[in-house]
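**Student:** Sharing a structure, written as structure tokens. Questions coming.
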Amino acid sequence: MVLSSEASSAADHSAAAPIPTSSWPQLLGRLTEGKHLEPGQAGWAMEQIMSGNARPAQVAAFAVAMKMKVPTAGEVGELADVMLAYARPMPADLIRDDTVDIVGTGGDGVNTVNLSTMASIVVAAAGVPVVKHGNRAASSLAGGADTLESLGVRIDLGPDQVARSLNENGIGFCFAPQFHPSYRQASVVRREIGVPTVFNLLGPLTNPARPRAGLIGCAFADLAEIMAGVFATRGSSVLVVHGDDGLDELTTTTTSTIWRVQAGTVDKLTFDPGDFGFARAELSQLLGGDPQANAAEARAVLGGAAGPVRDAVVLNAAGAIVAHAGLSSRAEWLPAWQDGLQRAAVAIDSGAAEQLLARWVRFSQHV
């Protein structure tokens, strides 16, 4: 490793900082000229989108122009804050303040197995509370929600049910369409555009449970630092990761780049899994299939099957445990990784991960 230096309610949103008067021609004009937006303008645009006042063409133009201009952390933070203001609220008194998320932007175009989904179960089985935010597949064959559904987990639970799942099972799943109904129009436009836009960054930044820690995958190396900047302003303990093979995960085929966010600062590192004894994998060994195939792979890995997929799951689970450890100012990088890797492996080999999945399935079907 080398260090290189649904809306909560209209009332809730009205309590936010005032958004300056703007217009789509003014805003899009700045973006097409390659200029950054004035403070508040990105928030104004997202308010128009979430309130249903933006037309599809305006949403599409904004999404693409923002990506081409390259957004700033401030702009992306405004988009995420407005989206969260419209999200269905979680019962804050039931959500622990040390929860983690393991999620990626998607958009890497590789169609791997659902590593973050499997890793989430392993992390929860290791004793770290997980509230995962996710959706169905946009471009791949199976998204995290698709695979969880094939495993038997009900994905359409509401806020109180997810909170109960977290408290009783150590894990919960926030299905994005269930928690962000006001984002529906933008979601449709995003699918129709068919290319990555600034909206790809918002999923990992808008978990309605607002976890303070996480392993966040970013398929876009040029935008990962921007995401890290948003998390830094929130005081999060997060590892934003980009596989140097293009994956929005910690990869085992080569090195990964990590933006370590802790105590409001961002450090950029190169991470080599070989330093911890992981064998190099071929990308083809990590490829997935449809939801049923990915669910079968998940059952095998959680049941103790060895191989490249298990290695990648353990690595990503350990990364989330490291991020969780970063909530403490006493956490040290190498010892945290050694601890995380051991806990992830034990969670699988002891049967704890497999048992947790079974409990989660039973709970979700009867809640």
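For all residues, glycine too, the Cβ spot is worked out from N, Cα and C.
Sharing the record's features from Swiss-Prot:
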REGION    1-22  region 'Disordered'
COMPBIAS  1-17  compositional bias 'Low complexity'
BINDING   G104, 107-108, T112, 114-117, 132-140, G144  5-phospho-alpha-D-ribose 1-diphosphate binding site
BINDING   G104, N135  anthranilate 1 binding site
BINDING   S116, E249  Mg(2+) 1 binding site
BINDING   R190  anthranilate 2 binding site
BINDING   D248, E249  Mg(2+) 2 binding site
**Student:** Select the most exposed residue of T112, S116, N135, where exposure means the fewest other Cβ atoms within 10 Å, treating these as the binding-site residues.
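**Tutor:** Each of the binding-site residues T112, S116, N135 was scored; lowest Cβ tally within 10 Å is N135.
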**Student:** For H133 (5-phospho-alpha-D-ribose 1-diphosphate binding site) and D248 (Mg(2+) 2 binding site), determine the Cα separation and express it in whole Å.
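**Tutor:** For H133 (5-phospho-alpha-D-ribose 1-diphosphate binding site) versus D248 (Mg(2+) 2 binding site), the Cα atoms are 15 Å apart.
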**Student:** Tell me the Cβ neighbour count for H133 (5-phospho-alpha-D-ribose 1-diphosphate binding site), meaning other Cβ atoms within 10 Å of its Cβ, over all protein chains shown.
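**Tutor:** Around H133 (5-phospho-alpha-D-ribose 1-diphosphate binding site), other Cβ atoms within 10 Å: 24.
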**Student:** Around the C-beta of D248 (Mg(2+) 2 binding site), how many further C-beta atoms are within 10 angstroms, looking at every protein chain?
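**Tutor:** That number is 27.
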**Student:** How far is it from E249 (Mg(2+) 1 binding site) to T112 (5-phospho-alpha-D-ribose 1-diphosphate binding site), counting Cα to Cα, in Å?
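**Tutor:** That comes out at 10 Å between the alpha carbons.
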**Student:** What is the Cβ neighbour count of R136 (5-phospho-alpha-D-ribose 1-diphosphate binding site) at a 10 Å cut-off, with all protein chains included?
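**Tutor:** I get 17 for this one.
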**Student:** Roughly how many Å separate the Cα of R136 (5-phospho-alpha-D-ribose 1-diphosphate binding site) from that of D248 (Mg(2+) 2 binding site), to the nearest whole number?
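**Tutor:** Each residue's Cα considered, R136 (5-phospho-alpha-D-ribose 1-diphosphate binding site) and D248 (Mg(2+) 2 binding site) end up 16 Å apart.
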